[in-house]
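Written out below as structure tokens is the structure these notes cover.
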Amino acid sequence: MEPRVLCVLLLVSTLALSSLAQGQLEMCVVDPHKRTNCGSPGITPSQCKDKGCCFDNTVRGVPWCFFPVAVDNPPEEECSF
């Protein structure tokens, strides 16, 4: 294949995978003391996720069901020809 075709395929694959990976995990990495509450006391993980929020009950004294945050993506590397 030509280098340009490979570069385009690589770019498309990277974008597709990064949009999948950017989902719940990266958006739910929030400093526990910066979490914004998204649920009521006693909410279950599935109820929280159904609301589109993140659930992490590993830290006491902070919201366990909280809003996700936007993740800044680094600029994509350009292919050189």
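Placed from the backbone N, Cα and C atoms, the Cβ positions cover glycine too.
Listed in TrEMBL:
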- 1-23: signal peptide (SIGNAL)
- 26-69: domain 'P-type' (DOMAIN)
- CYS28-CYS54: disulfide bond (DISULFID)
- CYS38-CYS53: disulfide bond (DISULFID)
- CYS48-CYS65: disulfide bond (DISULFID)
Lowest local Cβ density among CYS38, CYS48, CYS54, which the record lists as disulfide-bonded residues, within 10 Å: CYS38
Cβ contacts of CYS65 (disulfide bond) (under 8 Å, same chain, 6 or more positions away): ASN37, CYS38, GLY39, ILE43, GLN47, CYS48, LYS51, CYS53, CYS54, PHE55
Densest Cβ neighbourhood among CYS28, CYS53 (disulfide-bonded residues), 10 Å radius: CYS53
